[in-house]
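Participant: The structure is given below, and queries will be raised subsequently.
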């Protein structure tokens, strides 16, 4: 059974200026990450604008991503608001050769904790693929309680959770309740060092797409119990977080990558590209992180 651990950038999905999916740029971006020390990539997460794509496009992205990787693990978002659609895409991810499906908490409507637990269990059972739950209440509108771990423990194909809730106490509780074969992955960039110190298996964060070397060095430092070095990496990462927080998320992530000469593409409307003043603000933060000169 697949079990994630280490550093996984949540990478953007490039679009052309006219809004069309830019598969060539996605291939180029993945090849860039192949040349880093990361463990794998998250495809079509919040940074990847999954909600901006129709089902055919999402399946095309699955094919491109799985067909472009060499050594990298692929964790691909199958999440929809409905269980039926999520199962369908998760099956497609499995058949395409993805390592795992990550499933965002059902969004827009507000199912009970039991309803959400059943959602994840059903996807894992029917798609027969390793599944990570994705807790991101600021976008989904629904919060996964650490109590859900009781249900997860009954389904071995639920192999982890990406906790982007931003609540240190909840993250601690997820880690405390974790068990063999279940990976708690930090999903809040500012809590990367904290979560790893608490015992998280790794991180799946957007800032790792902008500065993967900072995140891999932090991870390696903590494995060697070099807390001072790990903290210095978190402080550097905080500048990256400020850069990617300019404008409406995830617009600035793509600009941060384009500023480094990488084929990140553009966002889809109704999202708007950064203004000239916002781009300068981003560049100030990237220079503070020694990403730009």
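Counting starts with 1 at the first residue shown.
Cβ atoms are placed via backbone N, Cα and C, with glycine included.
Keep in mind that TrEMBL annotations are predicted by a computer and have not been checked by a curator.
Feature list, courtesy of TrEMBL:
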ACT_SITE  134  active site, proton donor/acceptor
ACT_SITE  162  active site, schiff-base intermediate with substrate
BINDING   204  pyruvate binding site
Participant: State the count of C-beta atoms found within 10 angstroms of the C-beta of residue 134 (active site, proton donor/acceptor), not counting that atom itself.
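Facilitator: Excluding its own Cβ, the number within 10 Å is 29.
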Participant: Roughly how many Å lie between the Cα atoms of the residue listed as 'pyruvate binding site' and residue 134 (active site, proton donor/acceptor), rounded to a whole value?
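Facilitator: Rounded to a whole number, the Cα-Cα distance is 10 Å.
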Participant: Can you give me the same-chain residues 6 or more apart in sequence from residue 162 (active site, schiff-base intermediate with substrate) with a CB-CB distance under 8 Å?
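Facilitator: Looking at Cβ-Cβ distances below 8 Å from residue 162 (active site, schiff-base intermediate with substrate), excluding near sequence neighbours, one finds 42, 45, 102, 132, 133, 134, 135, 136, 185, 186, 187, 204.
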Participant: Report, as a single number, how many Cβ atoms besides its own are within 10 Å of the Cβ of residue 204 (pyruvate binding site).
Facilitator: 31
